[in-house]
Amino acid sequence: MKRNSLSSFHVSLWLLFTAVILQAVESAKGKYAHMLFNELFEDYSNALRPVEDTDKVLNVTLQITLSQIKDMDERNQILSAYLWIRQSWYDAYLKWDKDKYDGLDSIRIPSNLVWRPDIVLYNKADDDFSEPVNTNVVLRYDGKITWDAPAITKSSCVVDVSYFPFDSQQCNLTFGSWTYNGNQVDIINSLDSGDLSDFVEDVEWEIHGMPAVKNVITYGCCSEPYPDVTFTLILKRKSSFYIFNLLLPCILISFLAPLGFYLPADSGEKVSLGVTVLLALTVFQLMVAEIMPPSENIPLIGKYYIATMTMITASTALTIIIMNLHHCGSEAKPVPQWARVIILDYMSKIFFVYDVGENCTSPKREKEEECKLEGDDKCQRRHKEVRNHLSNRNDDCDLKEKLNGNLSKSYGVHGENVRETVNCCSCYKMLIKNIEYIANCVRDHKANRAKGIEWKKVAKVMDRFFMWIFFIMVFFMSVLVIGKAA
């Protein structure tokens, strides 16, 4: 027990002694840091480029770390990003011997106390021209200064929306000195690309790289070269949101347009369906127009909307024409022979369009037509027999009239019998005329009715033909649009 208590006592003394020594070291380093700061900045000026020889180039190493994409405004073509900008250079007037200051090799001081390169974002698209954030800089004993500063940048980005929502964008971030030329301040890439290790994943965009390229440009105003570093941010849009909210509803609505041809003409809803579908697509077209910039490049989904709306407009116009064919009555001309052969004989079989009660698998319709034809032949034969009989009776009446007329002239008798015979023959004539009139009316009515039925069948065949044509068009347009996602 005594031995354990003595060992714990020694440990406590050792820890206390270590803490006192560390505190003394820290206080000593703080003392040397104040001494160093006073000596370094006694005659220092941050207004001039910190080089001993003015003809010597000051190299500034630049590194960009992309932390987050805050917004991509396609309509105004502005990219908002959260960056960490690291700049490092050597100051010839801020060096010291660390052995003289108890091994102190670095200090942290406010950035406005030292000279800083005026490196700015060339393609800045922000109204705020405020100074960069005055974060501390790390100053090393050999004169190396490292300045890490966060920045929220708004840069101009040429947005190409030709393949929206399956598009990729390339936005440039160009950094360079605003007043110093390449003979005074040279910019060096720290890495071949921007640092994406701390990037926060974006909900709309995927990052496929951020290569960096150094450019040396000679402007027309000056003969000196001006270097800059351009970071190209390669973005790929995540299209799932737009597929489920803009593209799929349009595809489903567009498949309703061909079904307007399948509606019966007597329902009165064929044109209404086409107009309703057209209005629905117009709403989606306006939604896309609000997102996209007003450029000449029409996005892929916009082209699909326009093609679908054109197709629906054409289907509505064709529906109106076909409805006029359907409602052709007795006053219309007969169906032309070419239409009867091509549409009624061939196309009706291809598109399985049959009359009421007609079936594609049973020959009942043909038998009924044969029976009808046989019945019509019988009726016509009976009608001819009646007409022949009545005509024979009429001829007999004419003979009797002649004979009675001769007898009345010859003998002057039987006047009453002659009148009765004449009246009987006139009744037969009137009866024949009435029967012929009724037969002609029935015949004309059947012909007109058959003419209307033929026009209705023509309209029905054309409805089925255009329905399949428009279904194929909608299918291929949808496949082409969705195929762009692959």
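Sequential numbering from 1, following the chain as shown.
Quick reminder: no glycine exception, Cβ is built from N, Cα and C everywhere.
Sequence annotations record features per position, and here TrEMBL assigns signal peptide to 1-27.
Residues annotated as domain 'Neurotransmitter-gated ion-channel ligand-binding' in TrEMBL: 35-238.
Summarising the annotation, TrEMBL assigns transmembrane segment to 241-264 (among others).
Per TrEMBL, the feature domain 'Neurotransmitter-gated ion-channel transmembrane' maps to 246-480.
The annotation transmembrane segment is assigned in TrEMBL to 271-292 (among others).
Distant neighbours of the transmembrane segment (304-325): 247, 250, 254, 257-258, 260-261, 265, 270-271, 274-275, 277-278, 281-282, 284-285, 288, 298, 455, 458-459, 462-463, 466, 470, 473-474, 477, 481; these residues of the same chain sit at least 6 beyond its ends, with a Cβ under 8 Å from one of its Cβ atoms. The transmembrane segment feature in TrEMBL is assigned to 304-325 (among others).
Here TrEMBL flags 465-483 (among others) as transmembrane segment.
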Non-local residues, at least 6 beyond the ends, that sit with Cβ under 8 Å of the transmembrane segment (271-292): 74-75, 161, 164, 246, 249-250, 253-254, 256-257, 259-260, 263, 299, 301-302, 305-306, 308-309, 312-313, 315-316, 319-320, 323
Same-chain residues at least 6 beyond the ends of the transmembrane segment (241-264) whose Cβ lies under 8 Å from its Cβ atoms: 164-165, 204, 270-271, 273-274, 277, 280-281, 284, 287-288, 301, 304-305, 308, 311-312, 315-316, 318-319, 322, 463-464, 466-468, 470-471, 474, 477-478, 481-482, 485
